[in-house]
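Only one structure is covered here, and it is reproduced in the block below.
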Amino acid sequence: MKRVVLFLLTNLAVIAVLSITARILGVDRFLTANGLNMGMLLAFAALIGFGGAFISLLMSKTMAKWSTRARVIERPGNQDEAWLVDTVRQLSKKAGLPMPEVAIFDGAPNAFATGASKSKSLVAVSTGLLQSMDRKQVAAVLAHEVAHVENGDMVTLTLIQGVVNTFVIFLSRALGYLVDNFLRGDNEESTGPGIGYWISSIAFEIVFGVLASIVVMYFSRKREFRADAGAAKLMGDRRPMIDALRTLGGLQAGQLPKEMAASGIAGGGMMALFSSHPPLESRIAALESATPPSTPTPSRRGS
């Protein structure tokens, strides 16, 4: 859950900075100088929308480490850290991925994966999770996070965020222009956007931004089911993932920082529409009803 919320908040911050900069530089005044230029507005919205999303993606790993105070294991200091690194290495090898950075952070049970690409990823687990689960369950959680990396979920989320950013910026400014024209009336000569445009476009941007987050969280929940299935495949058995989820259901799952809420193993919001994760019961049911992952059959040799 951590990854998505961090990504969303970073994205909002970047979009806000880019939007304010554009306003200061007079981009809005240019777009409305001779009536609203819809084509140029759409191009501007796409540039800011996708630009903000990709900047957030590039910052994701650094922000994740900072917000959780995660410590990257460069040299294992004990047997548990050595096991953790070795398990991630084995799972990554099965998934055909480069070895990600492995980190530990203090807190209640949770885990996350993040990074701008499969070759620059990070897998982190909390001390609370390591203390509350047996190694097979922890391995399943690690497999879930490795599956996120294998599925390219951060890049997918970035593209989705870029699309919704574009629509938010485009619609908020287009409606702001209409509101401004309505408030001015037909008799007032237009000399660029007025106060009605500035206030209404910002208000629309906030409202549409909240609605857009529902779309992003919907796709995030879908990716969680895929990561659970991917974990079962990497483990060669769905039971460890089911057991891990049941263990989480009996614990007080750690609340990752709001800006990181989308890539943790557990979590969700107070309202289902704004939750980055499906209910644990739904995830367990999906795993139980899925076809068991195939395991290699030993070849028979003739005597």
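Glycine too: its Cβ is placed from the backbone N, Cα and C atoms.
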Worksheet entry | Record-annotated Zn(2+) site (Swiss-Prot): member among GLU224, GLU281, GLU288 besides HIS144, HIS148 | GLU224
Item to complete: Could you measure between GLU145 (active site) and GLU224 (Zn(2+) binding site) for me? Cα positions, answer in whole angstrom.
Response: 10
